[in-house]
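**Q** This is the structure, below, for whatever I ask next.
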């Protein structure tokens, strides 16, 4: 039956898309939500099918995680073909994405029909997949009906990362790390592994990126629910407890980590980790492969997750006695408490070691006692009370239990890193929701409640986490709330300049300079070079404002030699935005002192206020073009 | 038997957790539009968009259109505030601030009617000699520059997803030059009372 459901759904979608192609043309796919959703789903699940059909391995495991390498390999092949035949990425990469779609369908049919012959294995696998994704679908409905506005993009990271596949695709460049392609990354933090996948989802088929990001936020939690369900199934062997586990895990919103909310490099690393961690006792060479895979996805989070896997292999999997487990858990617990007190005493890595980074950013990136404890409470909410009970009883349980030891260890290590507080320490709370949920579910299951009580407990857990999720998510959205009440990182008034620059790009060796937020929008959506977009350095921001307030050769000269202006730049075009206008008019200088102080709203410009700038730009033979009420371009 | 107690404890913790969660949701909905902060030298209505409204006594001034304005509460000799503890035992939800500057006194009461409406009452007891065209002015300051709109005696402004309305204003008012304050004026009397509502709605 589950086989049939899967085949019928896929066939129905293909027929719908074919009818759409015939009636509206293939070009309409770039804005078609169903097609975008289908594309994202196939791209993110192809590795599972490759693992199962080609490598005869588990659908969710190390092999499926490693199969994501398909995308870099596909990209390299496309590059090789391009080099050999003298064609650009623009011609080859769309075919590569279409090939992926076709390949997914072929593998899917092989998976179903081949397994029909051998004890109908696919039926069981698809049943498990459907059981796993049902709670995820319900949570997605809850999120997108009650929390998110239609078509909203609520992560600036998407815009930042989009610049990488755009640059590779449109400028025909092969980049190994994101910095090679884009000046929007302060540090070398990733290879382009993630960006190639993002390119398949958006750039290579010229999908509307705003719609793609919105649909990605819908599909990603559903995809993530598959390995989460598998992990719970492994620990509990119960369908209903596993479903509750999926629901509760997805309902924990970890600000800073966003594990199951957005598809960004760190969450991609987490997705791969979830597939790998399910494996029992990896051999050393497999562990090395897993570590390389995670590291290539995100140099910090990937490395952290790799260390967790290595720690699991070296320490946890070698604990076989209750006494050993007790000593180990107590050492971890005491260490966590110790580092908690060290933090309360005032120590943090960002304060004492990363002073240069803080000077660049302009402020601390972490909260400190007691706010940092409040952050943990906000993330886990009152689930933490039950998790603490589960931990206390788990430690003193008579029987030794790996289902307790693994999540407990990972939770404690995450908390220790959080208390040590390097920059963006919030990220180390990643998966704290999953670990706390595993501890809680495993504990509740061990109590063997009767059916009715189980129902009450499951409902109570979902209510507890659902409320926390709603409040946390809503609070997160405050930053993206515009003057007119729209909740989105994309401001509709910016469309005019994006459309203009797409048709009239700047000449080579020209950069456009504007306020950081506008720079991010035009660099990611119109693919024009800017001065480090949202990461424009504080010194450069000050020099820009100095020039705009007093335009003269001296202030212009200072701006030209400011940090972040790309080498080889021979021409700078000013894009005077409503954001700059309101900053000057209202003396709002927050964005000069803190890299993350980004005004979202774009005001109308009073052209009289920029008369001196117009005059000085005439000296440089630049004319002013009014693009809209919110943008003046000096070109 | 041991398992029974653990089960009982678990259920108690679970029920407690549900109560805490529901309470946190309730406080979120209460705080969705605004929160009142009654600390230090000011009484602040904090909006959920990060900005705030303030009616500090230091900005009260008496004008007559000729001389320099007099500020009766420029330096305070006494400040008394209602505490949240007081509010909880008297089960009222009103916040008050009573300030004195020598022989002048001023009481402000901020009473949230519901999640979107606040009643503000400001009474100032001052002792100045009456002159012609003399007016007592109070200021409602907003922490950001905004565009104020007039709509049938409603003063409205929008900022970062929040709409603030002072409805049915019968009191004479003007907007400050820096577009951040509403200045209410009444003919000077020894005992002056301003009474108005503020409606706050945040998306």
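Each residue, glycine too, has its Cβ placed from N, Cα and C.
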**Q** Per TrEMBL, which of A:7-26, A:67-86 is transmembrane segment?
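**A** Per TrEMBL, the stretch marked transmembrane segment is A:67-86.
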**Q** According to TrEMBL, which of these ranges is transmembrane segment: A:353-374, A:375-396, A:485-506, A:507-528?
**A** A:375-396
**Q** Pick from A:191-211, A:212-232, A:422-442, A:548-568: which range does TrEMBL record as transmembrane segment?
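**A** So the range that TrEMBL calls transmembrane segment is A:212-232.
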**Q** Choose the correct range: of A:156-174, A:403-421, which one does TrEMBL annotate as transmembrane segment? Give that range.
**A** A:403-421
**Q** Hey, does the transmembrane segment (A:33-55) touch the transmembrane segment (A:212-232), meaning at least 3 C-beta pairs closer than 8 angstroms, sequence gap 6 or more?
**A** yes
**Q** Do the transmembrane segment (A:244-277) and the transmembrane segment (A:451-471) come close, with at least three CB pairs under 8 A (pairs 6 or more apart in sequence)?
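**A** Answer yes: the transmembrane segment (A:244-277) meets the transmembrane segment (A:451-471) with 3 or more Cβ pairs below 8 Å.
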**Q** Please report, as numbers and ranges, the same-chain residues at least 6 past the borders of the transmembrane segment (A:125-147) whose CB is under 8 Å from any CB of it.
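**A** 2-3, 5-6, 52, 59, 115, 218, 221-222, 224-226, 228-230, 233, 239, 242-244, 246-247, 250-251, 466, 470, 473-474, 477.
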**Q** Check the transmembrane segment (A:92-113) against each of A:33-55, A:375-396, A:451-471 and return whichever range has the most CB pairs under 8 Å.
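**A** Maximum Cβ contact count belongs to A:33-55.
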**Q** Would the transmembrane segment (A:330-349) and the transmembrane segment (A:451-471) count as touching if the test is at least 3 Cβ pairs under 8 Å, pairs 6 or more apart?
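**A** Output no: the transmembrane segment (A:330-349) is apart from the transmembrane segment (A:451-471).
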